[in-house]
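Student: Here it is, the structure, as C-alpha cells.
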Amino acid sequence: MATDPEQPSVSSIEKVGKSSGEIGGAEEPLLNGGTSSENYSVLAAILPFLFPAFGGLLYGYDIGATSCATISIESATTSGISWYNLNSVEIGLITSGSLYGALIGSVLAFNIADFLGRRRELILAALIYLVGALVTALAPDFVIMVIGRFIFGIGIGLAMHAAPMYIAETAPSKIRGRLISLKEFFIVLGMVAGYGIGSLLVDTVAGWRYMYGASTPLAVIMGIGMWWLPPSPRWILLSAIQGKGNLQELKETAVCCLCRLRGEAIGDSAPAQVEEILSELTFVGEEKEASLGEMFRGKCLKALTIGAGLVLFQQITGQPSVLYYAASIFQSAGFSAASDATRVSILLGLLKLIMTGTAVLVVDRLGRRPLLLGGVSGMVISLFLLGSYYLFLDDVPFVAVVALLLYVGCYQLSFGPIGWLMISEVFPLRLRGRGLSIAVLVNFGANAIVTFAFSPLKAWLGAGILFYAFGVIAVLSLVFIFFIVPETKGLTLEEIEAKCL
C-alpha cells in the first residue's frame, strides 16, 4: 500500500473564490495539499496501466516489423506473391500507410473522445488494430495491403490518444509519471520485438504476412482487457457535473470504478475521494461544456502551447533523421553488425529500452523539467558532434558513434517519455480529449513532414549542415522548456490545472 500526502482536501478548495486562471502571487494557492491520502494497491494499479499500454506496444511493434516486412515483400523468392516488384512510391505507401491512418485517427479522436470516453475509445482502437492487422496479413494484392496499413494506423491514432488519458486519469498521483513514462517503454519494447520477430521471419516464405499477423493476439488481449477494466472515474464525474446523467448514480458508479482501480487498500475512503475530485472539478469550472474556440484562449491555450510545443520539438529535433544514419555510422566505425541494418536497429532498441527504463524509475523523483532540460542538452551536444563529423571529422568515426548513442540515450530520457507524459497531464479535464487529439495530430504530422523533407534537405544542405540545423532547433527547444514548461511532479491533475495553467 502507498499513500500520496499531496492529495488536496476539500477544505483547501473552499479557501479561494477565484478561478484557477486567476491564481497569482497575491492569491492563496487553490490546492495547497491537505491532509487526505490517496491509498492504492500497487498490484491493482498495474492492470489499468497494462492494457492501455498494449496500444503503445502495438504501435512500436508495427514500426519494427514494417522495417523487416518491406525486405520480405520485395524478395522474388520469399515474398510468396506475384506483385513483389514494387517501386519506391509503393514501398513508401506500405511504410507510411499507418502514419497516414494515425493522422486520420487523431482527427477522429477530436470528435469522438469525450462522447465515447477513454475506455471505449481504447476498445475501438483494439478492434481497429485487429481488423487492420488481419487485412494487411491476408491481403491478396497491393491495394488491399495499403488499405490494411491505413486501417491499422487509425487504431494507432486512437490508441496513442486515449491510452495516456486513461492512464493519467486512473493512476495514483504519486506514480502517475512513472506509469505514463512506462508506456513509452512499451513502445520501444514493441519496436525491439518487431525487429526481433522480423529478423527471424525475413527469410521465411511469405514471412511478411506472419510479421503483421503476429500483432493480432496482442490486439485481442488489449480489447478484452479494456472491456474488463472500469471507465475513468474522472470522465464519469465530468459527465455528472455537465448534466449528462443522474448525479447520484454517476457518483456511485465513480466510487465503484475507483474501488476497482485502487484495490482493497482504498478501504472506505473512495466516496470521500470522489467527492473531493468532484468539488475540485466544479471549482475550476469543468461543469461548462467545452467549445472549439475555448481551445485557443486562456489556460486552454497555455496547455495547448505546452503540449503541442513539446511534441513538435520531439519530432523536429531530428529523431527520425538521426536513426536513418545509424547503420552507416556503425559501418564506418568498423562494427561487423553494420552490414545488417536489423541488428543495428535491435542494438539501438536495447539502448532505448535501458534509457527509457531509467527515465521511468526517476521521473517521479527528479521531476519532468530536470529530465527534459538535461536530456535535450545532451541532444544538442550530440547533434553538433554529428554535424562536425560529416563536415570536418569524417576520419574519426568514433565521434559519430558516441554522438549517435548519446543522442538516442538522451532522447529516451527526455522527449521520448516526458513528451507523452506532459500532454496527458496539462489539459483541463473537459478539454483533455480534444486538446490531446490536437497534440497527437501535431506529433504525427510533424513526424510525416520531417520524414518526407529529410531526403531533399539532405541533398540541398548536406548531412553536416542538416544536423547543425537540428542542433539549433534543439537549442530553441531548450529555451521553450525553460520558460514555458511547468513542473507537474507530485500534483494531482486538478492541482496541475489550478497551479500551472
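Cβ coordinates come from backbone N, Cα and C, glycine included.
Quick paste from TrEMBL:
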- 1-12: compositional bias 'Polar residues' (COMPBIAS)
- 48-489: domain 'Major facilitator superfamily (MFS) profile' (DOMAIN)
- 1-21: region 'Disordered' (REGION)
- 40-61: transmembrane segment (TRANSMEM)
- 91-110: transmembrane segment (TRANSMEM)
- 122-140: transmembrane segment (TRANSMEM)
- 146-168: transmembrane segment (TRANSMEM)
- 180-198: transmembrane segment (TRANSMEM)
- 210-229: transmembrane segment (TRANSMEM)
- 344-363: transmembrane segment (TRANSMEM)
- 370-392: transmembrane segment (TRANSMEM)
- 398-423: transmembrane segment (TRANSMEM)
- 435-454: transmembrane segment (TRANSMEM)
- 460-485: transmembrane segment (TRANSMEM)
Student: Should anything in the same chain at least six residues away from the transmembrane segment (344-363) have a Cβ under 8 Å from its Cβ atoms, list it; otherwise answer none.
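Tutor: Beyond its ends, the transmembrane segment (344-363) has Cβ neighbours at 64, 67, 177-178, 181-182, 184-185, 188-189, 191-192, 195-196, 199, 323, 326-327, 330, 337-338, 371, 405, 408-410, 412-414, 416-418, 421, 489.
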Student: Could you tell me whether the transmembrane segment (91-110) and the transmembrane segment (210-229) have 3+ CB pairs under 8 A, leaving out pairs under 6 positions apart?
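Tutor: By the criterion, they do not touch.
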Student: Just to confirm my parser: what is the rounded mean pLDDT across the domain 'Major facilitator superfamily (MFS) profile' (48-489)?
Tutor: 87
